[in-house]
Structures are given as structure tokens and as C-alpha cells.
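Below is one structure, written out as C-alpha cells; comments come after it.
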């Protein structure tokens, strides 16, 4: 063992810490493949073994991170003379270490066991549209998650602590201000759209569009956007997602035979996530410098490609002929028709995952506000359905008629994921700011999109966002990339102009 | 932590040992999925990350198995009052533990690093048909593997020790006797076939058979045999294999457009492996009682389905109409024609993986004998090509003209896998004995195959082989299943009758 001792003396604590973190991330990335496989490839009856495999990998990750040796290496690395990059990598590990070592193992186990029971209970409650069946599980998970937050920081609002599991380096009060700005401006805008007589040209894009042909279409779209198949693949999954590493970032999609634009936008969304992952530096694989920043930033990348590229008129000028090749029934549609179909506001839609670019944020805000009140104790679990429905009426002018379409629609509570939703909206908002900055830096970006030249945009994103990994915290990353503080202004300007034009609104 | 201490006191050392082993096997099974994915799904450039992930999982497995705690649990479990089943499970863990703790980590690492270098060297050497390029790596791997064997048992023939990595509970001298019996009888039989004038009816089954249609064909074959798709899947891979657990046992195949019977037999072979895996008891998942016995037994299951079912006349009576539906060009072929095509002896073939049921064993014997002499030092590495070619001439009557078709044909040496090959032959030999016993127990098994009734055979195998997991050592398993000692007699009777008939041999 003399050889090992020697090599330990030679390498710095920083190097040894990164080696340990890479091991941790190798286990996490292995679990990522197992999870991808479970959703995309695994035969139906594989679940019992797969659950055990994933649970074992998760406990191994936890053991590696929370081991004494990790703490010692962190202490030692922090006292070394580190570059800014190295210091950032250590900061990221320290944050995870502090959080995971604060929470007792038996609480982690109890949360995990409770979510295992809560998931089928939620499924049953949703199928029967009966919130009461699910209420005791929600109650218990809220209680456990309050305990969890208290272990991490007993002096802070538990929601704030939980939010950091998904967005660890963007202050909640800042996020809240941004979301308030959005609510203030979007609620009246949505109301005006509901009341407007404008009818968008969408009929041509509804009908029967076979899944096989939709798959060929979205593969063409990925080719057009420059998805590198040598580092990725496309499959179908019930709930589309993207996962992987910079060496292998896969996307999934799904097909609704009545809605080819839905599949296309969903695919471009996942392409955006994958493009971020693929832009992480190869040489930092396994360390924080080769891992993505958190969920808001990730969502900014998917939303930028989906909304600012995929739903733009320039993109449809480029892509409509390909679309029409696949679906000759749309041969008479104009670019304007396609653009309108891709940007229709669904005024009566109650379901988040089917929402348009505008009303989407109201779905997020409803859950955000309800979660905050639940965790603070201001709202009782039994009162959730009514509070939920009231908010839908207030923000969207529609009232769910049952719990399945209302507060039971999303799976996240059964996972105990409180604090997750705001990152969806924050990502969209950030996307607008980043796209505006890219438009400033890239000569005639719109023209380039129209010409199918996506390299400049991808390179801009790589240089300003992707290549940094988790080096910068969220606000610093936005400031470095755009020269400004993170703000809702660009998003609000964008939707005001876009929807004002589409629906002839007064505000535009 | 009081809770954990209590529960430890309550559960037996055996239970805790099995919990630990299940963890170990969960990691191994996760690695199995990653490896399947690498061969079947992973995009080309995913290798650097995947190699790291697999290497991390492998080192974690090693750490769990060789930890002091495993040794303590083994000691404690062995002093408990165990059932026969439990004692067998402990015996299996003990064997692995003793082997892995005997070998120093730095030797394991050196072997692993050397094989990483040897693989590309072998590929290059094979491409250029130049053994000398590969020779230094073979030399080094032989040296390292001799050291490895010496750590495990310095008093025994290193080949014997290495053989146990693949077949830990069948004595090498017994294996050697069985292989000698086979050699003695097959060499003259193959010579007689070479010299016979009999021409089998194979032309109809050569030609152009599109891969898509071959895939439909092999899916029909899996349906016919009763492959449970809810616990499996079929994909293509460059080197067909089967992997997984009793909850999810997948098969792969490949298509050569000139040889549909090859794809069919290869698929049935992998189906046999998967059927074994699927027959392991669900309730023992993760422990030795829910894991398969070693490679000879596994190969007996694949060969039984491939040779005794797939290459039988009864199977072709059943399946030829389906084959002809897929390939109308074979519409005029008789069952006898198909049977002959499926059993043709390739007299001039130098390549193991393309060999027929008979000459196959000569390819195995050549390598087996050469490996033994290499490890004992009786043969120098530089003399391998000539020794190889001499043996081909002696056993098969053909002489390779270059190293690519000769001693460089298989990848196994670059993996440092010495001692592996005999299990291929032993499996085929065991398959004959098991099939004969099944035929005794099942009324009119041939008629059942002809009628497409495969449940009785699968049930017989499940009951006599699969359900025991690794409870019995190989000889005990064969004795329990067949009532006799493991012998080459059934295999020799089978090939003598079959090929005697096909080629009108005197011996028949």
C-alpha cells in the first residue's frame, strides 16, 4: 500500500476532493441511466429490481458525500491556495455536504418511505378525483419536510430552505419579487385575451397526424437545430425529459396524434436542456465545473430554444416547408398561420402541462402560493382544493370542476417536492433576458434563425452559460452573460409585444 | 441511531449478510444495465463517461465485498444455525470473499489498466493480422494473471485457479476428462465428414434476407417459444448477449443478410440464457439463491434451446411455415432441407463464432490447450501462432493462413480472460445430458416441440435447474436434475446419431 500513500501525499486535497466528487457523480450518472432506462426501455415488470438498484445507488451517493473523509477533504481543500474556479467547485461541494449532513438518516429514510406510499395514493386519488384520499399523505409529507428544513436551518422559513434544494443560489425574496412582477402584468393581459374577439388560425394544425410521421418530423427538427447524434439519442417517454452528461445527453418526447406542434415544441424544449448539458466542458466531467447550474438556469435553456426559437416567426419561415412535407394537409397554411398555431393561448385550459407560454405562469403561481401557505401553516391541507380553485378563478378566469383537473393534476407533491415549481417560471423569465443579450451580441440573430444557422446562438450560450458549469452562482451567471441583474423586464416586454400583436391588445 | 442498533440486534447475522450481498448485487445489476446500454443504446461518444461510471461501480462492488464488515458477518453467519439453503448462500459469498480479499488492490488495478491498453492493441493487431504487436500485452497479462492466481492459491496450477473465476465449482481435472472424451470422438468424426461426399440441402437458405424481415422472424420465434415480453426485450448488438435479472432479462441479436438461420439460432441461444435468468426465484433476488450458477450451467441453458430445440427436426416441422411466410423464396424447401441447413458442418471455417455445433468444440479445445501451456510456461508467447495453426490442422484439417483468422480471432485474451473457454463446451455437453433427462420425464417431448408446447420443457428446467439459483454446486445440480454424474456420454451419443444420420457416417 506504499504506492497509494505516496500518491496521496503528492496530490492536493483539492484533487482528492474532486476525485471523490467524481466518484459520487459517477454513481449519480449511473442512476441517471437507470432512470432513463426505466422510463424508456425497461419492460413493465422490471420495477421491483429497478427500485432496489436505484435505492442502493442513492444510499451509496449519500454515504460518499456525508462520510467524514469528505468533510476532512473539504476543510483541507478550503485551506489550500485555490484558483477562483477551484474555490467555486469547493463551494458547491461544501453546500451539498452541509445540507446532507444536517439531515438525520432516519428522517431521509422516512421521507423516502412516505413518498413510496404517497405515489400510489396520489394516483388513486387523481383517478377518482378525490383529494381526501391523498390529504393524509400530503399532511405527513409537509410535516416531514418541515422537520427536514428545520434540521438544515431552524431560523428560516421552511419554504425558503426547501426551495434551495432546487435553486440553491438565487434568494427566494428575489424570486418572489420577479414572480410578483409577472403576476401583476400577466393576469390582466390574460383577461384581455379572454375577452378579445381575435381568433387565431389554428384549425389547419388540428386533425390527425400519425405518430410515425411526427417522429420523422421531430428528428428533422433536431437535425435542423444541430443536435449531435453522436452524443445523444431521441426516444419516446410518457413524460418527456432530457438526461445525461456532456458525453451522452439524451432527449425524449411523446406524440399526441392531434397535436404535432405540441410534440415539436416539447422536443425542442428537451433539445434545449440537452444542449446545455452538451456544452459543459468535457475536461471537468464529474466535478461541479462540469455540472450544470441548477433548475432555473437549466429551464432557461430549454425555454429559450422552445419559446424564443421554436415559437418564433423566423423559425416557422425556415421550418414550415419541412412540416408541410411531412403533413401535406397543412400545405395551404402560411407562416403566419403556423406562428399563430404555435402561440395560441388556451383560454379554458386547466392543466399546466398543456398550457401555452403565457398562462403557464399562472399555473406555477397558484402552486407556489399554495405551497408557501401550506408550509407556513397559514393554509390547512383540507382547504387546498378550495384555495386552488379560487386562485384559478382569480388568475385565469376559470374554475376547476374537480380535484383531478385541479390540485391533484401534478405528481410533484407525492414526491414531497415542495419548492420546485418556481424554477419553471424563473427559467422562462431568464430565457428572455438571455435571448435578448444574445440578440445584442449576434448580428441579425433572427435572420440567422430564418436561414437555419444555429451555431452562433449555440456558441453564444456555450460561451456565456454552458462552459462555466456550476462555477458562477445564478445571479452572477446572469450578470456575466447579460451585463445586467436578473429581471422580469425582458420577459414582460417580450410577451407584451408578442401577445399584443397576436391578439391586438391595447397594452401593446 | 438507537433505532439502528436495535434492529441490528434483532436480525440475524445471516439476514444482515444477505442485505449486504443484495446491496452488492444491486450495484452489479446496475452495472449490467449500464453495460447493456453501452452495447445497445449509447451514442458513440458516450464512452469516456461510461467507462468511468462502470469503473466506479466495479470498485464500489469490490469495496463492499472485501470490507471487514463482510468478513465479520460471514464468520457470524457461519456460526448460526442455518438451513441447507442458507448455508449454501453463505458458502457462495464466502468463496467470492476469500478470492477477492486474497488479491491486492494494486494488482487488480494493474490488471485493469493493462487490459485497457491491451484491447486497442489487440484490435490493431487483428486488423493488421500481426500477432507480434499483441504479443507483449499477452505476455504481460499472463504474468499478471499468474501473480493473481498465486495470491489466491500458490500451491495450485494457475490455470486451475483462473478457471474457477468462470466455473468455481466444477473440478478442472473432471472438466479436462470430459473435454478429452469429446476430442477423442469428434476429431475422427469431423475428418469423416470432411471426406464424405454427402451434400446437405442448404442453397435455399443462402441469398438475400433483409434484416427487417429477419427481425420480424426472430420476434415470431420468441413468441413461439414463450418469451415473456413483460420481463424482457429484444434489441440488436454487434456481439449478441443476454443480461439482466429475473425481473428483466433482455436478449440481443444481430442480422447477417445472407444467413437468417444464423440470426434465428443466435436469438434462440440468448433466449435460453434469458429463460434461465427468468426462472430464478423472485423472492431471492439479490442473494445467491436468486442468482444463476456459473458459466457452464448458463451455457447449458442457451445451448439446450439452441441445439436441442432450435436445430431439431421437430422445431422445423413447427416453425418452417412461419419462416416461409417471412421469406417466400424458401417456399419450396422441405422440413428436411431446413433441418439440414440448420445443421450443416462448415468444413473450412476457421472462426469459432461462425462454427457449427460439431466443429465448435475444436475451436474451444485449441484455445484451452494453448492457454494451459501458456500459463504453465510450456509454450512461449512467440510460439502461439504456430502452435495454434498446428492444432487447427490436427483437429479440423485446416490451417489458418494468417493470425487474424487464427490466434487473434477472439477478444478474450485482451480482457485477460484465461480459463473462460472450456465453459462453452462444458455447457453444450451438459445441455445434452439435461435434455435427455427432460425427455425421460416429459411424455413425448419431441411431439410437444412439434406442437409448439414449450411450457413442459421450460417448467422442467425451472424446477430442476433455474429455481435453485446457486444453491447447488455444478456437479450436485447435474446429479439432482438427471440422477447421474456429469458426463460427455449423452452429448457424444447425440452428435454421433445426429451427424451419422446427416452425413451417412459409418460410426452411426
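Glycine residues also receive a Cβ, built from the backbone N, Cα and C atoms like all the rest.
TrEMBL does not curate its annotations; it predicts them automatically.
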Which of A:230, A:299, A:317 belongs with A:269, A:273 in the Zn(2+) site listed by TrEMBL: A:299
Where residue A:270 (active site, proton donor/acceptor) sits in the secondary structure, as DSSP reduces it to three classes: helix
Cβ neighbours of residue A:269 (Zn(2+) binding site) where a neighbour is any other Cβ within 10 Å: 24
Spatial neighbours, same chain, of residue A:299 (Zn(2+) binding site) - Cβ under 8 Å, 6+ residues apart: A:423, A:424, A:426, A:427, A:428, A:430, A:431
Cβ-Cβ neighbours of residue A:270 (active site, proton donor/acceptor) (radius 10 Å): 27
Check: same-chain CB within 8 A of Zn(2+) site center, minus A:269, A:273, A:299: A:242, A:270, A:272, A:298, A:301, A:302, A:303, A:305, A:306, A:427
Residue A:273 (Zn(2+) binding site) CB neighbourhood, other CB atoms within 10 A: 24
